[in-house]
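Shown next, in structure tokens, is the structure this report addresses.
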Amino acid sequence: MQSISFCVFLALVCVTFCLVSENVEVADAAEDAKNGVYIVYMGSASGSRIDFLRLLNSVNRRNALVHTYKHGFTGFAARLSEHEAQAMRQSPGVVSVFPDPILKLHTTHSWDFLVSQTSVKVDANPKSDSPTSSSQPYDTIIGILDTGIWPESESFNDKGMGPIPSRWKGTCMIGDDFTSSNCNRKIIGARFYESSESDGIRYHSPRDGAGHGTHVASTAAGSAVANASYYGLAAGTAKGGSPRSRIAMYRVCMADGCRGSSILKAFDDSIADGVDVLSLSLGSPSFLRPDLTADPIAIGAFHAVEKGITVVCSAGNDGPSSGTVVNDAPWILTVAASTIDRDFESDVVLGNKKVIKGEGINFSDLQKSPVYPLIQGKSAKKASASEDSARICSEDSMDEAQVKGKIVICESSVEGGGSDWQSQAETVKSLGGVGVVLIDDDSKLVAEKFTTPMTVISKKDGPEILSYVNSSRKPVATILPTETIINYKPAPAITYFSSRGPNPAVLNIIKPDISAPGVNILAAWLGNDSSSTPQATKSPLFNVISGTSMSCPHVSGVVASVKSQNPTWSPSAIKSAIMTTGKEY
């Protein structure tokens, strides 16, 4: 396989399947009770329509059809038995048949940081679609496949935007709490995809019930919003990478995840709608990575790129192990996550006045002076518990009388670093503890949001706080509220969770392609989310989250900016321009 290009390899795979000429007749559904949704992929839309229509009619006769694909490529999704799926694999014109996979999401200042890292000078009166620009020569449209959008966010206001491009052929679907008036000259299109397998859906519409899609969309193309912050943290002007671009939202992720059949339908629709860029902050888990002919994102992206659409995808959050990168097809622009020079510190002050740097977002109401007794989790262990379980603050391992009113030191619950900090925090809180200091690997210090006074310190600082506890007769401490720190170093650096290469699918193709900010990113959020709300405050209009999900739309915004200045450039040219002008670190 190394002696031929991957595109030739894919073509050979298609030819091999297409040479098979055995006829298929769809069996009655009662023959097999294990029916599930399968995707039947039949290659380019320019191929034979006879084979496609014959198979389509066979599933239509028993109302088994879920989706059809006919604009950018040919195929369909249908409820089939294993026997029927196997038979269809032998049918003329069929490239591949595979079960409908469920993919997962890969969860302002960042743009200022990107500008500071480039040698390109920004004109005082820019003509490009930079984050500071007010005009652009070409009206770019960014299609986003995600959890939906919260249209009331100020990040999606259309002030100063001109008429919707005449080439736009998309639609604004209506549904629960979403009408045609929720689309405007910024959000020019919105679709949603659901099936009978999608249970527990909050909104049967393009409206976002999770926040992820809203955050991603505003990072890529959000309008500038002054005085944005997360309860005073990360304060500044929030704006997308291409704030004059239009947004088309394709809600492919429901309560049960992001179904491959819906993703392919969104690809097919977006090609017909007329988008310029597609942004996907989702993918398969690295340990379930499918072959390229059974990968909905690889298939959809192949045909989108064929139509001149640049496809940008997240690399995944399964790092730091090697070979964990996903969305690794060579025609995809695959994005890793790196840090920016902003940090959120919540320091620990000891009774000896020593201050230890902590990481995390909490709205501590503790006194600023160190007056709270400080103990190790293992010192509060129950007689029936092991010292190791109490050391990591496991559930039912500590004595309530010894924890109540104290700050508890918990150690990493995962060998090599990494903790189930939510469980640790809840355990301490349920026993009456007033705060938690978690000792974790310093390479894993991504600011988490805590609902109780809690902070994370690095393992290199761990011995100092433990020495203080063990050498003091009455050790005390306090946890300070979080502060925003700017010019934090080193930055940029690839974060621990970002999936790594090499590319397991094609060893001679290097992946990921590029990195972008994906740590502690502030962007638009839901207007009714209480889960991210500190006690006694209203829901945030902006939220801070991390992941390659956040780095992907940064690059999508850059792609749109490049496209706006160079509308005739191909996806390969745009990808090359971005990769060859990035900085090496």
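The count begins at 1 with the first shown residue.
Each residue, glycine too, has its Cβ placed from N, Cα and C.
Any TrEMBL annotation is an automated prediction that lacks curation.
Residues or ranges marked as signal peptide by TrEMBL: 1-29.
The domain 'Inhibitor I9' feature in TrEMBL is assigned to 37-106. On the 0 to 100 pLDDT scale, the model's mean across the domain 'Inhibitor I9' (37-106) is 91.
As annotated by TrEMBL, domain 'Peptidase S8/S53' applies to 140-581.
Counting every protein chain shown, the Cβ of ASP146 (active site, charge relay system) has 27 other Cβ atoms within 10 Å. What TrEMBL lists as active site, charge relay system is ASP146 (among others).
There are 25 other Cβ atoms within 10 Å of the Cβ belonging to HIS212 (active site, charge relay system). The active site, charge relay system annotation in TrEMBL covers HIS212 (among others).
Annotation comment: TrEMBL describes 392-464 as domain 'PA'.
Residues annotated as active site, charge relay system in TrEMBL: SER549 (among others). Neighbour list (SER549 (active site, charge relay system), Cβ cut-off 8 Å, at least 6 residues apart, same chain): LEU105, HIS106, THR107, HIS212, HIS215, VAL216, SER281, LEU282, SER314, ASN317, GLY518.
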Residue counts for the domain 'Inhibitor I9' (37-106) under DSSP, helix then strand then coil, are 20 helix, 29 strand, 21 coil
Translate the DSSP assignment of SER549 (active site, charge relay system) into the three-state scheme. helix
